[in-house]
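S.K.: I have a structure I would like to understand better, so I am pasting it below and will then ask my questions one at a time.
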Amino acid sequence: MGFLVGSQNGVRGGGCFRSLIRRKQVDSVHFKRHGHHQLAKELSVPHLIAIGVGSTIGAGIYILVGTVAREHSGPALFISFLIAGIAAALSAFCYAELASRCPSAGSAYHYSYICVGEGVAWLIGWALILEYTIGGSAVARGISPNLALFFGGQDSLPFFLARQHIPGLDVVVDPCAAVLVLVVTGLLCVGIKESTLAQAVVTSINVCAMLFIIIAGSYLGFKTGWAGYELPAGYFPFGVDGMLAGSATVFFAYIGFDSVASTAEEVKNPQRDLPLGIGLALSICCCLYMLVSVVIVGLVPYYAMDPDTPISSAFAAYGMQWAAYLVAAGAVMALCSTLMGSILPQVSVGTLLAFTMVAISVLILRYVPPNEVPFPSSLQEIIDSVSLRYSTGSPDVTKEKSGFYAGTSMDSNLPLLGKATAIEYPIIVKQEAQGNFVINEGSRRKIAGWTITATCVGAFLLAYAASDLTLPRLLRFIVCGIGGALLLFGLIVLTCIEQDDARHTFGHSGGFICPFVPLLPIVCFLVNIYLLINLGAATWTRVSVWLIVGVLVYTFYGRTHSSLLDAVYVPATHADEIYRSSGESSA
């Protein structure tokens, strides 16, 4: 029979830990038949590109250019965008495979819930709430200075739209941003197809504005001699560390393709269209980011940039006020489009955490994919009936059944470490026909799980030691050596052992397959961890408070109100027969 996970009928003790590793199943045809609401499928590749580009281009150009150039990167701003773009591209490959295999709304939260467990998924979702809230607020707030240019300056806005300072509380209220959030939210509530059409129009205007900035700015730069690059401090006034810190900050601007993945449930052909939409949107955005940053930093010295309106102010400094108005119009359109993308999926920590978990999810999917499926407890009688047929079947079926109870409330089943059952066969067995040695399936999953864990630990140690310059020199070398050894060991072992055969049938097959596994996900994980560490202690202090609140909410509410609270886990090989039996009984 199946066993309840986390319910009062299960075995007492360890319930809290078991709730952390509860995993949901990939939405399938059977899953949809059991009354789960599905969103309308209206989107194609052009729609996805419009969502991705519109969600990405905005704050990254019109806000972050001035701030990051002044405080972190200097003239090397385009390199910061390049590094962040490479990290985003690595994540995009992982996203593309997971999005095509698990095409449901939820993005990184959904993938983590399927591959890792409920506890990690909750934290990822909680971090992304903060990410989208801060992102939407920052983008909406950035519209006011650009809109003010059409009224003659920041102080010329109508009173009901102008920013107001509340004395005593030291709080600035931006009515324009608040009104815009309400308008965009209302547009999104109309429907995905209508809001996507509006975003496509706004995005087209925005891209035209970007092309104008590149062409007109290049003309000015060649005409005036690129004053921004002729500085005594050179291209790295804040050093390489400053440039890398800038990369971690501008990574926030690449969250757009995550918005594409979050619409998976509304795509007509997700296996084909999602990878194309993600890849094309990211490529377009990265190229535009780099070209615009090269031009703008070359026109105005980094220390003289206006942090609120860096691009329009650059053109105004050369007497092209008409161009400043045009750029401001493009900025308003871009920020509106980005705001739409920020609210649609609903500081870089949430983004990087999500990308990190997506990379880990790809490794889990390839080497230790979930081999148990949760069913509602209402199907307990059917599950018992199917289980009885398997238990009284042939010896081969009985052997398959022998690991049935692992991972339920009877035994703990760690997502990475495989089944917590005793090894019944030698780790290495000899194939008599070929005369070579292979690892049996149970041991292969254990080895793969421990290796993935060791690889993640090694990547963290290596990134931390490389980033923390305050560590003593000898200690840094030791930690780097240990981390590098674990990372190299994990890469070699995962390359040598076979990937799980279940990866071919897990989720929706026939879609995009991430190349260069395990190398690409491991590199993606390492880069994202490095960028996370470089965000700084102050950022992590603020985010930690939010994450602690999330842990408390999950502990006292989410854990006991989970949709998987009374779920019954059975082997994935039994799932089709249970669905078939339940369909016959309800007919």
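Every residue, even glycine, has its Cβ placed from backbone N, Cα and C.
TrEMBL entries are annotated by machine, without manual review.
Pasting the relevant annotations from TrEMBL:
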DOMAIN    512-562  domain 'Cationic amino acid transporter C-terminal'
TRANSMEM  43-65  transmembrane segment
TRANSMEM  77-96  transmembrane segment
TRANSMEM  108-129  transmembrane segment
TRANSMEM  171-190  transmembrane segment
TRANSMEM  197-222  transmembrane segment
TRANSMEM  234-257  transmembrane segment
TRANSMEM  278-302  transmembrane segment
TRANSMEM  322-340  transmembrane segment
TRANSMEM  347-368  transmembrane segment
TRANSMEM  447-467  transmembrane segment
TRANSMEM  474-497  transmembrane segment
TRANSMEM  540-557  transmembrane segment
S.K.: By DSSP, how many residues in the domain 'Cationic amino acid transporter C-terminal' (512-562) are helix, how many strand, and how many coil?
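M.R.: Final tally across the stretch: 39 helix, 0 strand, 12 coil.
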S.K.: Using a Cβ cut-off under 8 Å, which residues of the same chain at least 6 positions beyond either end of the transmembrane segment (474-497) come close to it?
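M.R.: Non-local partners: 363, 367, 439, 444, 447-448, 451-452, 454-455, 457-466, 468, 518-519, 522, 526.
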S.K.: Under an 8 Å Cβ to Cβ limit, what residues of the same chain, 6 or more beyond the ends of the transmembrane segment (234-257), are close to it?
M.R.: 51-61, 64, 67-69, 71-77, 79-81, 83-85, 87-88, 92, 95, 131, 135, 278, 281-282, 285-286, 289, 302, 338, 341-342, 347-348, 351-352, 469, 530-532, 534-536
S.K.: Averaged across the domain 'Cationic amino acid transporter C-terminal' (512-562), what pLDDT does the model get? Just tell me the whole number, please.
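M.R.: Mean model confidence (pLDDT) across the domain 'Cationic amino acid transporter C-terminal' (512-562) is 88.
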S.K.: Counting Cβ pairs closer than 8 Å, which of 43-65, 197-222, 278-302, 347-368 has the most of them with the transmembrane segment (447-467)?
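M.R.: By Cβ pairs under 8 Å, 347-368 leads among 43-65, 197-222, 278-302, 347-368.
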